[in-house]
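A.B. asks: From Swiss-Prot, for reference:
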{"type": "ACT_SITE", "residues": "LYS76", "note": "active site, charge relay system"}
{"type": "ACT_SITE", "residues": "SER152", "note": "active site, charge relay system"}
{"type": "ACT_SITE", "residues": "SER176", "note": "active site, acyl-ester intermediate"}
Amino acid sequence: MINASLKELSLALAAKKVSSVELSSLFLDRIERLNPTLNAFVTVDREKSLQMARDADARIAAGTAGPLTGIPIAQKDIFCAEGWLSTCGSKMLANFVSPYDATVIRKMHAEAGLVSLGKTNMDEFAMGSSNETSFFGSVRNPWDTQRVPGGSSGGSAAAVAARLAPAATGTDTGGSIRQPAALCNLTGLKPTYGVVSRYGMIAFASSLDQGGPMAASAEDCALLLNTMVGFDERDSTSLERPVEDYARDLDKPLDGLRIGLPKEFFGEGCDAEVMAAVRAAIAEYEKLGATCVEISLPNSHLSVPAYYVIAPAEASSNLSRFDGVRYGYRAPEYGNLDDMYMKTRAQGFGAEVKRRILIGAYVLSHGYYDAYYLQAQRIRRLIANDFVEAFKHCDVIMSPTSPSTAFKLGEKAADPVQMYLSDIYTIAVNLAGLPGMSIPCGFVGGLPVGLQLIGNYFAENRLLNVAHRYQQATDWHQRRPGGIE
């Protein structure tokens, strides 16, 4: 049961071969045993989870269950969940118990009947590429516990890779689902911006943030995505579109598929062995009936600098609400209101968050707004236009997800620029608002390599189909880390 797919678990629950309580207990026991090594979860509430499992069993017995009712999953601790600690990996919210459910949580609990096993560790306020900025300590990669799992959804990635949960939620602002998926041998999907509600998802950069699924396979991601999507009037950026069944087209053949290979993503800057694994995966696609065309994304080299103006600018605004007045951490000693603000924020935020708040405040300040922020927004439009032009010549774009395999804990902690370049292939997708995936495509030195798939707007079905057909022809996604038991 530990390695079963969501579809297999669904069939087992429906056939009464196992109960949700038994299944949830199995994973909760595994979390209790292995989480001290991995630090993937920051909050586990066994009784809450088992009560949800009992409710799910009642729905199954009554014949009112959905496809995933009773299946336990992990929730990234960026989603508010009523009655649960919702920390966002920060001292600022270390004791914050949410009074309400995020829309994604409500849809999963109340509508789909999924069971939450707990809240997973993450980079503080989702700011990081290695899960080393969390107030609750670094997460360790199950493939090598001396290495990072990627970030910011590193806790979710480590939890699923080590089978502490069969699937998990993540969020992606510049690569935070795809990069950990690549480093932990998972399938991760960032949907088109606006497809998944951001209500109750603690904001980092509101024009970039998007929630999505992380699991072993494309099929599992499709099933989980079905429970997450839908218009939400409480999110002003939510898109009102017909709800799709993302598992519908998984088995379609790939004959005639046109794969775009951006020349800018296949030059220097990527580890040679990682690139070899990516090229081998593309060759496998050609065997499945696809053809490759060279395309250009001429402004993609500007994506990292543009992102590190826009995202910190939005973060400096979003994080101004954390001031110690109504909720969250408050400095124990202060002289007056201004002193309370300063001490609370100085003590409550970690170094990387403070760095990005300072950058954001600077680029939005009088005299620098036009030179930095407006210029970054112009570049963002050019990057989006490049993708529009590219998709006239191809159906899906492929590239490495990350320029390297998982690096050692602490290796890049003192060099923010090197850390930021970990997301060099993923950031442009967020700036354009496109859907993107990472799927396992090989190993280098025993560490996983991810292949990035980028689709046109609302092409999640096509991406999942392309990923699924590759996973039917290969077994990379079925490999599990050893040595963590």
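Cβ atoms here come from the backbone N, Cα and C positions, even for glycine.
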A.B. asks: Please give me the CB contact count at 10 A for SER152 (active site, charge relay system), counting all chains in the structure.
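C.D. replies: So the Cβ neighbour count for SER152 (active site, charge relay system) comes to 35.
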A.B. asks: Report, in whole Å, the straight Cα-to-Cα distance of the residue listed as 'active site, acyl-ester intermediate' from SER152 (active site, charge relay system).
C.D. replies: 5
A.B. asks: Provide the number of Cβ atoms within 10 Å of the Cβ of LYS76 (active site, charge relay system), excluding the reference atom itself.
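C.D. replies: Looking across every protein chain shown, the total is 31.
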